[in-house]
Amino acid sequence: MKRQLILAALLLAPLAAPAAEAPEIVAGTCAKCHGADGIAAAPATPHLNGQLPNYLAETMQKFQSGRRPTSVADHIPATLGAEQLAAIAAHYADSTAIRPKQETDAAKVQRGSALYFSRCVDCHAESGRVGDDDAPIMNAQELTHLLTQIKAFTDGKRKFVSLMRDSYRDLGTDDLESIAHYLASIEQYENPGKKKKKKRR
Ligand code: HEC
Ligand code: HEC
């Protein structure tokens with residue numbers, strides 16, 4: 001009898017624990033930079049609120065394995081297992097906090113908008129407000145982060161997904177910077193985490 005109870009507890013524990021732990025891990029390890037609600041609390045740091053949970057979890061695994069370079073030492077501690085990463089991802093994905101408005105360059109925004117709609121909107125739908133499978137939500141993202149990451153692909157620091165490489169063809173530094181300004185200028189939906197996926201425009 002006692003043995004059965006212990007077995008049941010062992011089976012249930014890994015399922016129940018990670019979700020409960022997520023807010024604590026976030027508060028202790030991530031919040032000083034990403035905020036408890038995913039609104040960046042440090043400069044040049046991405047907002048994580050409302051982001052696709054798959055993208056967040058996969059990115060954390062890439063940081064752990066070194067497949068995506070990061071400027072942060074021990075960014076995602078190896079002690080965090082897949083279930084804990086999924087719970088942290090869900091915690092930030094569910095956050096309905098609103099990203100702050102940022103200063104952007106009006107001329108760059110205009111130029112970036114045209115480029116974005118001809119090159120990027122197929123995957124980063126709705127002005128970057130809606131994720132598409134693995135393609136992350138990018139609207140209202142922190143500008144410095146966008147400027148760095150948008151170029152990380154051409155620098156070879158991040159791997160292109162196959163078709164994204166084609167969309168970058170012949171785009172120069174100014175073009176990419178303009179697209180970053182455009183994305184940073186777009187306000188987010190009030191409730192990004194819960195918004196239903198809309199048709200592409
Ligand atoms: C010292 C500040 C700092 C801490 C602590 C930190 N991060 Fe980060 N995080 C960053 C910065 C800066 C980036 C931008 C890319 C890079 O250099 O890695 C980033 C990028 C990310 C990204 C990629 C976002 C995107 O849009 O591609 C994820 C996901 C992430 N962090 C999750 C976490 C989680 C989860 C924790 C806690 C376990 C955490 N970070 C702790 C600073 C931090
Ligand atoms: C075929 C689909 C596709 C197209 C077209 C595409 N992307 Fe992406 N994009 C993705 C995927 C998938 C990822 C996630 C890659 C990863 O996990 O590292 C991504 C990631 C990104 C990121 C990283 C965001 C972050 O928070 O770190 C940036 C920046 C980006 N794309 C910019 C662009 C720009 C600019 C264009 C147009 C010139 C574009 N993408 C076109 C699919 C696409």
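Using the three backbone atoms N, Cα and C, a Cβ is placed for every residue, glycine included.
Together with Cys120, Cys123, His124, the heme c 2 site in TrEMBL holds one more listed residue from Met60, Met164, which is Met164. Residues within less than 8 Å, Cβ to Cβ, of Met164 (heme c 2 binding site) and separated from it by at least 6 positions along the same chain comprise Cys123, Ala135, Phe153. Spatially, by CA atoms, the binding-site residues Cys30, Cys33, His34 include one closest to Cys120 (heme c 2 binding site), and that is His34. Each of the binding-site residues His34, His124 was scored by other CB atoms within 10 A of its CB, and the lowest score goes to His34. All protein chains considered, the CB of Cys123 (heme c 2 binding site) has 18 other CB atoms within 10 Å.
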